[in-house]
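Notes for the one structure printed next.
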Amino acid sequence: MQLVRLQGGPSQWNDVKDAADILWRSTHSPDINDITTALRDHYQNPTLSVSELWTDFNASRRAVVVYNTDKITIAFLGSDPNELHMNTWTDGSGWLGIPYPVFENGNRIHSFFRDMWHAMRQATFDALDSAVQDMAARGATPKQIIVTGFSMGGGISIMAFTDILERIRHTWGDQSGSPQSWARDEVLRELVQHITFAAVAAGDIGYYTVLNDLYHKYQIRAWDFMNHRDWTVHIHHWSFRSWRGYRYVLPDAMVRQFGDEFGGNGHGIWGYLRVAEWMAGDGDGQVDSVYNY
């Protein structure tokens with residue numbers, strides 16, 4: 001199986017930087033208008049638009065869809081401190097509240113991340129459809145659709161990725177009634193990316209095998225970035241510790257200069273953003289994947 005690796009040099013780090021930047025800036029305010037203004041100012045694009053996505057589980061924003069010129073980013077935000085214990089909610093509750101393992105097509109998955117995604121799925125599709133329609137009205141088409149997530153948001157993005165990819169294929173791509181050139185199967189390698197930061201594991205080896213097969217078939221860039229000191233690497237449920245895409249561990253030489261941004265537990269999205277900014281600029285660090293296929 002040949003999955004797409006991160007290449008040396010700064011060029012591919014720009015997309016990583018943008019994904020981290022949107023994840024970071026989208027947590028600065030509860031007011032979506034403030035978030036929109038901040039992103040418009042940062043990207044110097046007065047037409048940039050942001051849709052916020054919610055679930056039925058809480059009153060906090062869980063994801064945003066950002067439409068910036070010809071790039072759409074679907075960003076699942078990081079852990080709410082009040083929800084960290086939900087990572088232990090790997091199983092659904094059955095009769096009399098007794099937990100039971102949750103399976104999808106025979107593969108075990110994390111029930112909390114599944115439920116979070118299912119609660120946002122239609123709103124995500126609606127926001128994606130709206131962004132593509134707005135582009136079409138301007139005579140443009142998407143050049144990039146990036147699915148990203150941080151921490152528990154990364155776990156949700158794992159549940160979401162296949163659905164989003166199939167939405168693209170069935171609405172505008174080869175599985176639609178009138179395929180558009182920008183969404184054909186042969187160009188998905190350039191169109192779609194799955195970039196995560198310290199993503200919490202969300203499926204078993206069977207689920208990840210199916211996902212890796214998709215990454216391979218369409219040559220999707222699927223990369224997770226992990227600070228070597230990030231404490232969350234130790235909290236993944238034992239049933240879900242498997243290989244997905246490429247996980248790039250950021251060594252001490254890259255992260256030590258951004259210790260304040262990462263925070264005491266090494267788990268701050270600001271830290272991941274600062275590393276990506278540095279690498280997209282004149283940084284000369286080297287990252288290695290802990291997975292080899």
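A Cβ is built for glycine as well, from the same backbone N, Cα and C atoms used for every other residue.
Listed in TrEMBL:
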type: DOMAIN; residues: 91-235; note: domain 'Fungal lipase-type'
| message | Within the domain 'Fungal lipase-type' (91-235), count helix residues (DSSP H, G, I), strand residues (E, B) and coil residues, in that order. | response | 78 helix, 31 strand, 36 coil
| query | Across the domain 'Fungal lipase-type' (91-235), what does the pLDDT come to on average, as a whole number? | reply | 93
